[in-house]
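> Here it is, the structure in full.
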Amino acid sequence: MRQAAPPAARMRMDAKVISKAKLPSRHVTVGPARAPHRSYLYAMGLSAAEIAQPLVGVASCWNEAAPCNISLMRQAQVVKKGVAAANGTPREFCTITVTDGIAMGHQGMKSSLVSREVIADSVELTMRGHCYDALVGLAGCDKSLPGMMMAMVRLNVPSIFIYGGSILPGSYRGRQITVQDVFEAVGQHSVGTIGDAELLEIEQAACPSAGSCGAQFTANTMATVAEAIGLALPYSCGAPAPYEMRDRFNFASGEKIMELIAKNIRPRDIITLKALENAATVVSATGGSTNAALHLPAIAHEAGIKFDLFDVARIFEKTPYIADLKPGGKYVAKDMFEAGGIPLLMKTLLDHGYLHGDCLTVTGRTLAENMEHVAWNEHQDVVRPANRPITQTGGVVGLKGNLAPEGAIVKVAGMTELKFSGPARCFDSEEECFEAVTQRNYREGEVLVIRYEGPRGGPGMREMLSTTAALYGQGMGGKVALITDGRFSGATRGFCIGHVGPEAAVGGPIGLIRDGDVISIDAVNGTIEVALSDSELAARAKTWKARTTDYQSGAIWKYAQTVGSARDGAVTHPGGAKETHCYADI
């Protein structure tokens with residue numbers, strides 16, 4: 001026979017009871033008709049008191065594919081303790097993730113962006129199916145961060161995001177290195193600059209711990225976004241994965257989620273147009289990944305807010321570049337955390353008018369209130385004051401022109417030349433271009449065009465890090481340009497333009513250009529043009545024929561049927577604007 005809840009459990013419940021009258025979990029825990037449902041919960045060792053408490057989903061992207069996510073399950077246990085300490089009942093589950101570092105440079109990368117949607121969808125379905133009342137989501141690698149945040153906004157139950165933390169930098173012959181150095185070493189190896197032994201030494205030194213790629217690549221960019229947009233507790237996204245102090249943030253997040261339930265503070269109270277502008281600001285200020293221009297519109301879409309690539313680019317235009325972070329700069333995420341963390345960056349941006357201070361956050365306070373006690377650290381040079389930036393305009397720039405009517409994006413952090421013009425050399429897949437690069441079958445001054453790699457045409461909008469890193473390793477990173485309707489890794493550097501839209505697969509201009517057409521890129525004025533008249537482009541469009549891909553079934557085929565333009569975030573469903581009811585209000 002089941003025993004009544006012990007006195008200690010009853011005392012915890014009596015301390016602060018949250019009514020389930022309007023919470024989703026009432027559908028599985030309250031009333032005689034739910035006796036079978038409660039029976040399942042008893043089977044897992046829950047007490048009557050625990051069943052009567054709010055049920056909090058604790059979702060992680062844990063797997064053994066890569067170091068990015070390997071610590072998430074351990075961290076989730078601490079979150080659960082925080083939930084329980086605050087009179088909630090945590091229910092842990094995992095979702096999938098595809099790690100770009102493993103998927104890079106081959107067909108596996110077609111799964112990467114697709115996984116963002118699968119993560120959001122799977123978290124939604126798990127929460128819906130079990131009627132959980134709130135969500136604490138832990139994520140590590142690139143697409144898992146936006147995927148988890150998209151799920152939070154879509155479900156609109158009280159939610160807190162936790163980043164698993166960055167990897168520690170490796171050490172190679174007295175200097176810090178990251179996985180970016182390994183990719184570039186492959187290019188050096190291909191031209192004989194380094195030998196097999198040195199390549200092996202670099203690959204074995206670059207990644208010494210658990211955690212996501214250590215520089216301001218996509219994962220750390222989106223982690224910075226999570227704090228700036230208000231979904232993560234201050235400082236929580238900066239502490240590296242191996243640091244035991246992460247448990248303070250994990251426990252606090254578990255406690256705080258119960259406060260958000262009590263106050264009914266939801267993600268769509270936090271994710272406003274102003275909050276999205278704050279997120280775009282920190283991306284540009286840190287020279288962050290161009291992938292943010294894909295993920296921010298997707299997060300906005302879940303809230304029913306129109307915030308596309310051009311809106312992101314508008315913020316980029318007026319934001320100073322102030323964080324000296326790799327790949328364009330000198331430092332890694334660990335260095336910024338030890339200098340003062342993401343709040344140090346946000347404080348100087350706020351003080352100089354670049355952030356909206358009145359945005360609500362998961363602390364229950366506004367961004368400005370969170371920053372009240374953040375003091376400037378004069379004894380560091382990782383983050384510059386916003387009035388004394390590295391460059392006056394942001395580290396990422398939006399482009400538009402007859403080659404990209406729906407826009408394109410380029411990271412200019414660390415670049416000295418912001419204009420480029422040259423003849424096109426066209427490739428219809430990344431593999432074709434990578435082979436040409438490794439064989440040195442290209443010329444200085446050319447614009448390498450990789451097309452049919454967009455969201456629909458790839459399918460999956462692959463990243464091109466293997467190709468760009470090989471160019472850099474060959475010493476050609478600043479001597480050629482590369483444009484694509486696909487994406488670039490946050491680790492990419494050089495004159496590399498991604499997200500060109502419309503993509504080739506739907507008849508966009510990038511699919512019409514030919515070898516030798518002169519392409520001009522101007523990252524100062526934000527233009528990208530091909531020297532062809534409108535009539536010539538129209539004539540070529542008449543002879544263009546759509547292509548089929550190798551994916552005629554399965555998850556990637558299904559993705560290609562529904563995915564939209566990169567301009568709007570490459571989303572696959574109508575979004576919050578078309579919603580007729582919200583899960584949180586079932």
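Including glycine, each Cβ sits where the backbone N, Cα and C put it.
Fair warning: this is a prediction, and the values are worked out from it, not measured in the lab.
Got these off Swiss-Prot a minute ago, pasting:
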type: ACT_SITE; residues: S489; note: active site, proton acceptor
type: BINDING; residues: C68, C141, C213; note: [2Fe-2S] cluster binding site
type: BINDING; residues: D100, D142, K143, E463; note: Mg(2+) binding site
type: MOD_RES; residues: K143; note: N6-carboxylysine
> List every residue in the same chain as C141 ([2Fe-2S] cluster binding site), at least 6 positions away in sequence, whose Cβ is under 8 Å from its Cβ.
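Within the chain, C141 ([2Fe-2S] cluster binding site) has Cβ neighbours under 8 Å at C61, A66, C68, N69, T97, V98, T99, D100, G101, S212, A219.
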> For the recorded [2Fe-2S] cluster site, whose residues are C68, C141, C213, find every other residue on that chain with a C-beta no more than 8 angstroms from the centre of their C-beta atoms, and list them by sequence position.
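Near the [2Fe-2S] cluster site, beyond C68, C141, C213, sit A66, P67, N69, T99, D100, G101, G140, D142, I167, G211, S212, F217, A219.
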> Please give me the CB contact count at 10 A for D100 (Mg(2+) binding site), counting all chains in the structure.
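Its Cβ shell of radius 10 Å holds 30 other Cβ atoms.
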> Within 10 Å of C213 ([2Fe-2S] cluster binding site) (Cα to Cα), which of the recorded positions D142, K143, E463, S489 do you find?
D142
> Relative to the mean position of the Cβ atoms of D100, D142, K143, E463, the recorded Mg(2+) site, which additional same-chain residues have Cβ within 8 Å?
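For the Mg(2+) site, the extra neighbours are V98, T99, A103, M109, S112, L113, C141, T218, N291, R487, S489.
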> How long is the line from the C-alpha of K143 (Mg(2+) binding site) to the C-alpha of S489 (active site, proton acceptor), rounded to the nearest angstrom?
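Given the Cα positions, K143 (Mg(2+) binding site) is 11 Å from S489 (active site, proton acceptor).
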> Between E463 (Mg(2+) binding site) and the residue listed as 'active site, proton acceptor', how many Å separate their Cα atoms?
5
> In angstrom units, rounded to an integer, how far apart are the Cα atoms of D142 (Mg(2+) binding site) and the residue listed as 'active site, proton acceptor'?
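Pair distance, Cα basis, whole Å: 9 Å.
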> Through the lens of DSSP with three states only, how would you label D100 (Mg(2+) binding site)?
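Where D100 (Mg(2+) binding site) sits, the three-state DSSP reduction gives helix.
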> Whose Cβ, among the binding-site residues C68, C213, has more other Cβ atoms within 10 Å than any of the rest?
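The most densely surrounded of these binding-site residues is C213.
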> Under 8 Å Cβ to Cβ from the residue listed as 'active site, proton acceptor', same chain, six or more residues apart: give me those in sequence order, or none if nothing qualifies.
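In sequence order, the residues whose Cβ lies under 8 Å from that of the residue listed as 'active site, proton acceptor' (at least 6 apart) are D100, M104, F217, T218, S289, N291, E463, M464, L465, T468.
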